[in-house]
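Student: The structure that follows is given in the form of structure tokens.
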Amino acid sequence: MNPITEEISLFLISLSFVYFAKAFGGSYMKSSVTQIERRFDIPSSLIGVIDGSFEIGNLLVIAFVSYFGAKLHRPRLIGIGCLIMAAGAFLTALPHFFQGQYVYETTLSHIPEENSTESILPCLANTSHLVINDLSTAATCEKEAGSSMWIYVFLGNMLRGIGETPVMPLGVSYLDDYARKENTAIYLACLQTVGILGPVFGFMFGSFCAKIYVDIGSVDLESISINHKDSRWVGAWWLGFLVSGFLMLLAGIPFWFLPNTLAKQCKSPKVEPEQGSFLPEDNTEEDAPQPVTMAAMAKDFAPSLKRLFSNKVYLLIILTSVVAFNGFIGMITFKPKFMEQVYGQSPSKAIFLIGSMNLPAVAVGVIVGGLVMKRFKLSVLGAARLSIVSSFLSFCLLLIQYFLQCDNSEVAGLTMTYQGATEVSYQQESLLSQCNMGCSCSLKHWDPVCARNGITYASPCLAGCQTSTGVGKEMEFHNCTCMQELKGGLMAPPTNMSAILGQCPRKSDCDRMFKFYMAVTVLGAFVSACGGTSGYIVLLRSIHPDLKSLALGMHTLIGRTLGGIPPPIYFGALIDRTCLKWGLKRCGGQGACRFYDSHAFRITFLGLVYCLYGLANLLWGVLYLQLSKRQKKLELRTKPQYIGRNWSLFVKLILLLDLFDQSPDIFTILSMLLMQYSIYKIPMKYSSHVSYYE
């Protein structure tokens, strides 16, 4: 094998492993957010800041790393980044080893012992035990909730963001500089495919760790009275960060031994010159290479930014990417909740299906898109057409999802009345009825029970249940008087007036609808991913080579700033407006939403996605028109230097004949015009090295 090919292959394999490791760590962090929130007892707003610290760390240094890193030893900078990411992962897990054992909140004081024959009386019991009414307990709760140990998680996640900065811009530009141009697309497809496999394993490992108790090895698991489905459960969130840090250490080793520069791979004789070219801006000239010094680089930074952002095509790519990122980030962030609320799936199952079905479809789509680029040797315009078709078809598949809906869960007082009529209510008072008016029930808590007729009640007390049998998960409530209100209503009352813990499952037709939904989303993920590589090629071929790393870095910077941070905020804010029942925090105050109006949730969620992806498709059309315009200018600019020279000769011959009073006959003029036309049609000798950038 050619030594150059071996070095490129080694770099590609090493970079692919880094892509996998960083994607694994990032997806594991997403899957562990709930566990971290429970372990440190912090509000959701603060956990959002911790989750966003990765983007903050990335934004702090990406512009400078992208610009200065392109002039320095790129492989070693990537190795340094891997080392920083590993340190961040270990720092994130560090609080577990300094904190004491996790003590979960329990209400065993009002639950009978296992051997006791005493029964709980939900309706008649004083429910004040559910509210923290002891000042010392409340003070202790606030002190624990304000624990500063979460700062280590914040800093560790920020370090991961800083370390991830050089990987994409420097790695991709290094590949593009020293690989054959026709191979760049398939190399990028390999990177993106391996990068997608990282989240698959990250989500799976996160699901595995969530089922392991946080203090495993130091406590007797038999003494733990809750399971992984309980909202108080905290899994072994720290374990995945140790694995992620170890992977990053391994991934960074090869980059310390790779050279700064490589010889360019030989061009394939069958490759058309258009594919490896890039579109120049008007009046752009190639500069001769200059000696590199830090002072010169710093001085040239502002002019380079000006050159970059004066590129209309690049600005359109940035704008299109930001809009598309907003739609994608917002959709992927709340997709598990969408599947949970609209189709009645559990959070763990939703994440499992995303990791096992959607993400592999994306991986296959990316590699197929790269193969199409390589097989048909698509030009910049061809790559843009592939991206547009892919984006439009995936948008059509998104529109189909609007018609794949399920009915709201039947919850008395929220989505239906106690008499059985369908009626959505956002008022807490609607949870009260004549059957539970004398029970002194709390309206703030969500402790659902499922009646035998498939109706869910917000709590045993609100169901009017008089007695109970069993303990723990096997507890069953009897003589629930609110079920009698169905008499004479729209639904017949059940013969058995009992209920069990938990929310009632959805109707059977919802499971069938969910299968159609998954089929459409998997197909949509595949189609959308087919245009990912070609879109990247359009970006790479639309910028000057010496601005490539800076352009990729600024693309990532702006994409993360405007497309990564805001979407979860405004998506979440609008989705929260569809909440029907809010939970209660340990120390009082409004907690997380427990139950949504699924119809309003679906319209809000899909409406936002449709608006953003529709706008992105329009911008793709504008971008394609701009690329076509540049292509035509390029074709015209390469021919006048030949054509103009011959027209000049034509005029001179006419003047020369006129000087000697020899008027040219029609045959002479036609001959010269024919010569001019033939020269116009002959392909340019040096068109193979015409630049194709803008």
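Using N, Cα and C of the backbone, Cβ positions are placed for all residues, glycine too.
It should be emphasised that the depicted structure is a prediction, and the values quoted were computed from it without experimental measurement.
Dumping what TrEMBL says about this protein:
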- 11-632: domain 'Major facilitator superfamily (MFS) profile' (DOMAIN)
- 429-484: domain 'Kazal-like' (DOMAIN)
- 47-70: transmembrane segment (TRANSMEM)
- 77-98: transmembrane segment (TRANSMEM)
- 185-214: transmembrane segment (TRANSMEM)
- 235-257: transmembrane segment (TRANSMEM)
- 313-334: transmembrane segment (TRANSMEM)
- 350-372: transmembrane segment (TRANSMEM)
- 516-539: transmembrane segment (TRANSMEM)
- 603-623: transmembrane segment (TRANSMEM)
Student: For the transmembrane segment (350-372) and the transmembrane segment (235-257), check the count of CB pairs under 8 Å (sequence separation 6 or more) and say whether it reaches 3 or more.
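Tutor: Between the transmembrane segment (350-372) and the transmembrane segment (235-257), contact is absent.
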Student: Out of 77-98, 235-257, 313-334, which stretch touches the transmembrane segment (603-623) the most, going by CB pairs under 8 Å?
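Tutor: It is 313-334, which has the most Cβ pairs under 8 Å.
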Student: Are there residues at least 6 beyond the ends of the transmembrane segment (516-539) whose Cβ is under 8 Å from a Cβ of it, and what are they?
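Tutor: Non-local partners: 172, 184-185, 188-189, 192, 314, 317, 339, 343, 353, 357-359, 361-366, 368-370, 372-373, 378, 380, 382-384, 386-391, 393-394, 397-398, 400-401, 404, 551-552, 555, 623, 627.
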Student: Provide the three-state DSSP residue tally for the domain 'Kazal-like' (429-484): helix first, then strand, then coil.
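Tutor: Per DSSP, the residues of the domain 'Kazal-like' (429-484) fall into 13 helix, 11 strand, 32 coil.
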Student: For the transmembrane segment (77-98), which stretch among 185-214, 235-257, 313-334 has the most Cβ pairs under 8 A?
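Tutor: Per the Cβ under 8 Å count, 235-257.
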Student: Sequence-remote contacts (6 or more beyond its ends) of the transmembrane segment (235-257), Cβ cut-off under 8 Å?
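Tutor: Beyond its ends, the transmembrane segment (235-257) has Cβ neighbours at 10, 14, 17-18, 20-22, 24-25, 28-29, 31-32, 35-36, 39, 75-76, 78-83, 85-90, 92-93, 95-97, 156, 163, 202, 205-206, 209-214, 216, 228.
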Student: Just to confirm my parser: what is the rounded mean pLDDT across the domain 'Kazal-like' (429-484)?
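Tutor: 80, rounded to a whole number.
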